[in-house]
Amino acid sequence: GHNNGFIGRHFFGLKQIPDELNSFDYSFFLYQWAFAIAAAGITSGSIAERTQFTAYLVYSIFLTGFVYPVVSHWLWSIDGWLSATNPNLLFGSGAIDFAGSGVVHMVGGIAGLWGAFIEGPRMGRFDADGQPQRLKGHSATLVVLGSFLLWFGWYGFNPGSFLVILASPYDAFKGNWSGVGRTAVTTTIAGSTAALTTLFGKRIIGGHWNVLDVCNGLLGGFAAITAGCSVVDPWASIICGFVSAWVLIGLNILAEKLKFDDPLEAAQLHGGCGAWGLIFTGLFANENYV
C-alpha cells in the first residue's frame, strides 16, 4: 500500500487487483507465494527430528501470513522504510535485496535459530561432558541430488526476480537481457566459489573431505549472492562466495561451542550467509546496475 513504511494496505486477500491485459499482479502474487513458503521451509531444517507436525503447521501459517509480508514490504515496496526505491532513502541509500538474502533467507534462518534454541539439541547430539557427537546420517546421494535441484531452482529464484525484460542497458531492477544473464553468472560463480572454499577449508580444519559440507557451502554462497546478484560485477561474486564459506564454517564452529543443534545448519547457512549478502551488496554494488 501507499504511505506506509511498515506494512502494505492494498490488495489484501487478492481484492481489487488490476486485471488489465498487461498486468502482472496475479503472477507476482504467485511468485511471492513461492518465496514465502521457501522462507517457511528453511526453518524445517533447524527443528528437524524434534518438532510435532501441528506445531510446524501453526508456525508456517504465522510466518507466511504475518512475518514474511511485513518484511518483504520493508525492502521490496516503494514505500518500505528499508527500500532502495523509497523516495526518502534510509541513510541516503536504503538497502538492496534483489531476490531475498534478507527477506527470504534471513527471515527463515532467524526463525530456525529461535526454533532450535527453544527446543534444545537432539538426544545424543552432545555427550555428558558437552562434547559434540556425530549422528549417523541417511543418504549422501540424496543430499547431493537435492543440492543440484536447488542449484537449478536458483536460476528461477534470482534471474526470475526481474519483473519484466526491457531494452535499457543498465536498468537492473526493471530487467534487461544482459542483466538477466549477468545475474545467472554471478549466482553461479558465488555458489561455486563457496563450495570449493568450503571443501578445502573443512579439509584444512577437520583433516578430511566431506561432500555434505560442500553442498552446504554451495547453498550458502547462493543465499549470500541473492541480495546483490543483479547489481554486482562477476568478479565481486567471487568475494561473496569466498567470505560466505568462512561465515558458514565459523558459525558452525560457534554453534558447537554453544551446544546449539541445527541438523541442517539452516540458521547458520541462511541466516548468517544471508546477512553477509546484504552487507556485501552495500559494499560492492555497481552504480551502473542499481
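Any Cβ shown, glycine's included, is placed from N, Cα and C.
Each residue in the domain 'Ammonium transporter AmtB-like' (3-289) has a pLDDT score, and their mean in this model is 89. TrEMBL lists 3-289 with the feature domain 'Ammonium transporter AmtB-like'.
Using a Cβ-Cβ cut-off under 8 Å and counting only residues 6 or more beyond its ends in the same chain, the transmembrane segment (28-48) has close neighbours at 14, 17, 56, 59-60, 63-64, 68-69, 72, 100, 103-105, 107-109, 111-113, 115-116, 119, 157, 160, 163, 262-267, 270. Positions annotated as transmembrane segment by TrEMBL: 28-48 (among others).
Long-range neighbours of the transmembrane segment (55-76) within the same chain, counting only residues 6 or more positions beyond its ends whose Cβ lies under 8 Å from a Cβ of the stretch, are 5-8, 32, 35-37, 39-40, 43-44, 47, 82-83, 95, 97, 102-103, 107-108, 111, 115. Annotation source TrEMBL lists transmembrane segment at 55-76 (among others).
Among residues of the same chain six or more beyond the transmembrane segment (96-118), those with a C-beta under 8 A of the stretch's C-beta atoms are 35, 38-43, 45-47, 51, 59, 63, 67-68, 71-72, 74-76, 84, 157-158, 161, 172-173, 183, 223-231, 260-262, 266-275, 277-278, 281-282, 285, 290. According to TrEMBL, the transmembrane segment annotation covers 96-118 (among others).
Within the same chain, residues 38, 99-100, 184, 187, 191, 211-212, 215, 218-219, 222, 226 sit at least 6 positions outside the transmembrane segment (139-157) and bring their C-beta atoms closer than 8 Å to a C-beta of that stretch. The transmembrane segment feature in TrEMBL is assigned to 139-157 (among others).
The annotation transmembrane segment is assigned in TrEMBL to 177-199 (among others).
Panel annotation: around the transmembrane segment (211-228), residues 96-102, 104-105, 137, 140, 143-144, 146-147, 150-151, 154, 157-158, 186-187, 190-199, 202, 236-237, 240-241, 243-245, 247-248, 264-265, 269-270, 272-274, 276-278, 280-281, 284-285 of the same chain, lying at least six beyond its termini, place a Cβ under 8 Å from a Cβ of the stretch. Per TrEMBL, transmembrane segment is recorded for 211-228 (among others).
Residues or ranges marked as transmembrane segment in TrEMBL: 234-255 (among others).
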